[in-house]
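A.B. asks: Okay, handing you the structure first.
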Amino acid sequence: MVKEDETFPCDLIFLSSSRVDGTCHVTTASLDGESSHKTHYAVQDTKGFRTEEDIDSLHATIECEQPQPDLYRFVGRINVYSDLNDPVVRPLGSENLLLRGATLKNTEKIFGVAIYTGMETKMALNYQSKSQKRSAVEKSMNVFLIVYLCILISKALINTVMKYVWQSKPFQDEPWYNQKTEAERQRNLLLRAFTDFLAFMVLFNYIIPVSMYVTVEMQKFLGSYFITWDEEMFDEATGEGPLVNTSDLNEELGQVEYVFTDKTGTLTENNMEFKECCVEGHVYVPHAICNGEAAIDMIDASPGAGGREREELFFRAICLCHTIQVKDDDEVDGPRKSPDSGKRCAYISSSPDEVALVEGIQRLGFRYLRLKDNYMELQNRDSDIERFELLEILSFDSVRRRMSVIVRSATGEIYLFCKGADSSIFPRVIEGKVDQIRSRVERNAVEGLRTLCVAYKRLIQEEYEGIYKLLQAAKVALQDRERKLAEAYEQIEKDLILLGATAVEDRLQEKAADTVEALQKAGVKVWVLTGDKVETAAAACYACKLFRRNTQLLEVTTKRLEEQSLHDVLFELSKTILHCSASLTRDNFSGLSADMQDYGLIIDGAALSLIMKPREDGSSSNYRQLFLDICRNCSAVLCCRMAPLQKAQIVKLIKFSKEHPITLAIGDGANDVSMILEAHVGIGIIGKEGRQAARNSDYAIPKFKHLKKMLLVHGHFYYIRISELVQYFFYKNVCFIFPQFLYQFFCGFSQQTLYDTAYLTLYNISFTSLPILLYSLMEQHVTMDTLKRDPALYRDIAKNALLRWRVFIYWTFLGVFDALVFFFGAYFMFENTTVTSNGQIVTTNTHMVFGNWTFGTLVFTVMVFTVTLKLALDTHYWTWINHFVIWGSLLFYVVFSLLWGGVIWPFLSYQRMYYVFIQMLSSGPAWLAIVLLVAVSLLPDVLKKVLCRQLWPSATERVQRSSSRRAPADAAPSPDRPLLTDPAPRPRRE
């Protein structure tokens, strides 16, 4: 027994409740994020058992499927035994299953029997994590790491070989001051060589930037808060802000090449408004209700007697064929009142279309009242209450694209009412004004309205009994129940009489067109994947500027395939489009060319199934590659009549094409989850169809318009920042270790370290860590407003531009060059020096002794200042925090070195650094060396930046240069202060 507001402890079969009708309401927010109340139904033969004593007398057995994680699917049956009679067999479905984690609402108590417990519950089975997504930056990092690992091994091998080459000369293996013992002389040569190799590996292991991975994770985690804190992405109407479900893909937002978007609820508001209905060829347009009476504008002539009867049947079909619940609420606004209670009522449904239809029909004089004890009540135009017994519900699914109910009227007549998409209704119709209604449907679709067709047929008692047996046999099946139900529905829903069609409007979201246009300017291809019919979806695509007036539309639809074979259609389109783009480069194929012929492709689900269908020999169809080539050369693609699985197939097809573009999928409903999980980046809209899309996505936003800032601003910044972080870490580690490698040639390959242990430990932890971390969190190479005004800047970072091999090699060679300057600059800076036999460098001019640790400290000091100032040169957005960490890091290094070498620390077993730093700074040549070597090290990078910006500037660099001219000299860049009023889009620099 579970009481109101309690959570179900396991998965239960719902036996009975305190409500007379055997129903209960639950919320499943902890399972799928949906806060709306869902109605569940007790088993028909057990709902009368309302007390513990009654339950104790119940004798029944339950058979069900093995535990599986699908929250919305359950197959089972219950056998209820009474006395000596044969058991009554009833089917069990998801409507009879109460899930662990759900909460009982608006019901005093329920009784249930546990079927899945512990780790076998659906909630526990859904604990399994999603597939791991890895960004392009992370993949580049790992490849670069392998390169540096090879460099590490190469350095160790070279030094090992050189050591034994050097020791092969007389008296160099055993100098007089370092004689070997007999045991050392007898030691195996291979073992000694292997030990030396390992010693060199340890000595040079700092070239592997382990701390980079820690810093990257910190940057991703802390950086993700900039999205959740963004007030511009907060929706006042819903009170919702953006959500970050994973921070691993932040930088991937700056690399998106394809956006796959749902239409309804994503591009549109999913706020349906009833526009008209067409009954028997006559069109009705409702207007506002005045003084309780509906004003009706009937465009055509009034129907005759036969038409009047079908008109009544049409309105009854709309009122009866739905999944709406009526919720009484004194605070509900509007004219909807239940005639017997006087209270206002609200319609609740998982489908906004159904609510719009029922409310629209209400404005025409018919009103749906309630479902009570298996009887549906509605009020007709004469204000009479009509009662219909609900006999069967043939539920809606995305494959059939229709639903039906079988009802019995008060006079005993049995009707089957069916509603659904025109493509699923018209083929099953044998009578009615098909041509007139089809014409109206097509006209409404072209105007962007969502259409629905309604049909019916009368059943005699014998027909219904046959249908009942057919459905019962399918419902109680434990194996292939869904397939058997689908076959039964197919047999039942045929030979229908067409009644009419409805049209509702789903308006575009605010700034949806602006967002689509900005993404296209950024070089991102936008595909719309929808379940709507072609005409409706095409109208929406024109409205949101996906298609333009000069866009040449190419079609691969069922209608065209009736006239031509798939082979002919595809080859004809390929000749049209591929001939014009034969000379396009690879970037053109990825949609980043502004010079392409503007083509748009329209394809429907049936045609896609033929294209994706494998050959009889099991190999993939050759049409798939041809279709892919056509799609890649279209500026926009519209996929209509798509099932959820087909949406995922489309995303996967592009994702694994030869260019391997970065894909993003965005949607708001459960039918979009499959493509959201398949894409590189999945974004859920926190919409009206529940939170399943948001719960399964990587990021969630309130409105489609927020995608513009998420990609063009946040994604751009994330990629710029983390790219610099990765390259900088490899660069500064080359600067750090390459002098150590060079030093081995001057110390007899003895594995002597150049730097003190404290410097080795603190280099990546303290001296150079905070500046790059703050840079990777706060850098803005251009302002936010500039990125929003000029979407073309997004092209500058496309295709992982800042982590290509050319850029990586440049940073590596820059690190090698700087290391050479550090080492040999310090070595040759003092021309009048001699090296004594004990390794000391004696400067004759200054009468000072520079030993091993002084030399290493000088190299280290130049290195710390160089790598820190290099980052300062790369910084465009200066704040007090940047100043504090950059100059503070240098100050901390100086203070630490003074304390480390200026005090005798009693806890140390050695004092080799005592007075070393102070002695070095007391020398004039040392100061000169530091200044000159830092300047020489930074000079190549400065020259490269100046020359590239002047001779081959990118679009971003042009904007930066223009901004610096227009902004006051003493003004710092700020997100609140744009540096450029309206920069024109620039072509991407090759």
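The backbone N, Cα and C atoms fix where each Cβ goes, glycine too.
Under the heading active site, 4-aspartylphosphate intermediate, TrEMBL lists ASP262. According to TrEMBL, the feature Mg(2+) binding site maps to ASP262, THR264, ASP668, ASP672. Taken from TrEMBL, the feature ATP binding site applies to ASP262, LYS263, THR264, GLU354, PHE396, LYS419, ARG450, THR530, GLY531, ASP532, ARG641, LYS647, ASN671, ASP672. The compositional bias 'Low complexity' feature in TrEMBL is assigned to 961-978. Taken from TrEMBL, the feature domain 'P-type ATPase C-terminal' applies to 694-954. Residues or ranges marked as region 'Disordered' by TrEMBL: 957-990. Residues or ranges marked as transmembrane segment in TrEMBL: 143-166, 197-216, 728-746, 758-778, 808-830, 850-872, 884-908, 914-939.
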A.B. asks: Which range out of 143-166, 758-778, 914-939 gives the transmembrane segment (197-216) the most CB pairs under 8 Å?
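C.D. replies: Looking at each of 143-166, 758-778, 914-939 in turn, the most contacts to the transmembrane segment (197-216) are made by 143-166.
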A.B. asks: Tell me if the transmembrane segment (850-872) touches the transmembrane segment (758-778). I count contact as 3 or more CB pairs below 8 A, with pairs 6 or more residues apart.
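C.D. replies: Yes, since the transmembrane segment (758-778) and the transmembrane segment (850-872) share at least 3 Cβ pairs closer than 8 Å, they count as touching.
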A.B. asks: I'd like to confirm something. Which of the recorded positions, ASP262, PHE396, ARG450, GLY531, ARG641, has a Cα closest to the Cα of ASP672 (Mg(2+) binding site)?
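C.D. replies: The answer is ASP262.
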A.B. asks: Are the transmembrane segment (808-830) and the transmembrane segment (884-908) close enough to be called in contact, which here means at least 3 C-beta pairs under 8 A that are separated by 6 or more residues?
C.D. replies: no
A.B. asks: So which of 143-166, 728-746, 884-908, 914-939 is most in touch with the transmembrane segment (850-872), counting Cβ pairs under 8 Å?
C.D. replies: 914-939
A.B. asks: Cβ under 8 Å to the transmembrane segment (914-939), counting only same-chain residues 6 or more beyond its ends: which ones?
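C.D. replies: For the transmembrane segment (914-939), the far contacts come to 817-818, 821-822, 825-826, 829-830, 843, 845-846, 848, 850-851, 853-854, 857-858, 861-862, 865-866, 869-870, 873, 897-898, 900-902, 904.
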A.B. asks: Near ASP668 (Mg(2+) binding site) in space, meaning Cα within 10 angstroms, which of the recorded positions do we find among ASP262, PHE396, ARG450, GLY531, ARG641?
C.D. replies: ASP262
A.B. asks: Taking residues 6+ outside the transmembrane segment (728-746), which of them lie with a CB under 8 Å of any CB in it?
C.D. replies: 144, 148, 155, 159, 162, 200, 203-204, 206-209, 211-212, 215, 752-755, 763-764, 768, 772, 808, 811-812, 814-816, 818-820, 822-824, 856, 859, 863, 866-867, 870-871, 874
A.B. asks: Which Cβ among the binding-site residues (THR264, ASN671) has the fewest C-beta neighbours inside 10 Å?
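C.D. replies: ASN671, out of the binding-site residues THR264, ASN671, has the fewest neighbouring Cβ atoms within 10 Å.
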A.B. asks: Return the average pLDDT for the domain 'P-type ATPase C-terminal' (694-954) as a whole number.
C.D. replies: 87
A.B. asks: How many other Cβ atoms are found within 10 Å of the Cβ atom of ASP672 (Mg(2+) binding site), counting all protein chains shown?
C.D. replies: 31
A.B. asks: When you measure from the Cβ of PHE396 (ATP binding site), how many other Cβ atoms are you left with inside 10 Å?
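C.D. replies: For PHE396 (ATP binding site), the 10 Å Cβ neighbour count is 19.
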A.B. asks: Could you check which of the binding-site residues (ARG450, GLY531, ARG641) sits closest to ASP262 (active site, 4-aspartylphosphate intermediate), going Cα to Cα?
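C.D. replies: In terms of Cα distance, ASP262 (active site, 4-aspartylphosphate intermediate) lies closest to GLY531.
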A.B. asks: In angstrom units, rounded to an integer, how far apart are the Cα atoms of PHE396 (ATP binding site) and THR264 (Mg(2+) binding site)?
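C.D. replies: Here the two Cα atoms are 18 Å apart.
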A.B. asks: For ASP262 (active site, 4-aspartylphosphate intermediate), list the number of other Cβ atoms lying within 10 Å of its Cβ atom.
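C.D. replies: Its Cβ has 29 other Cβ atoms within 10 Å.
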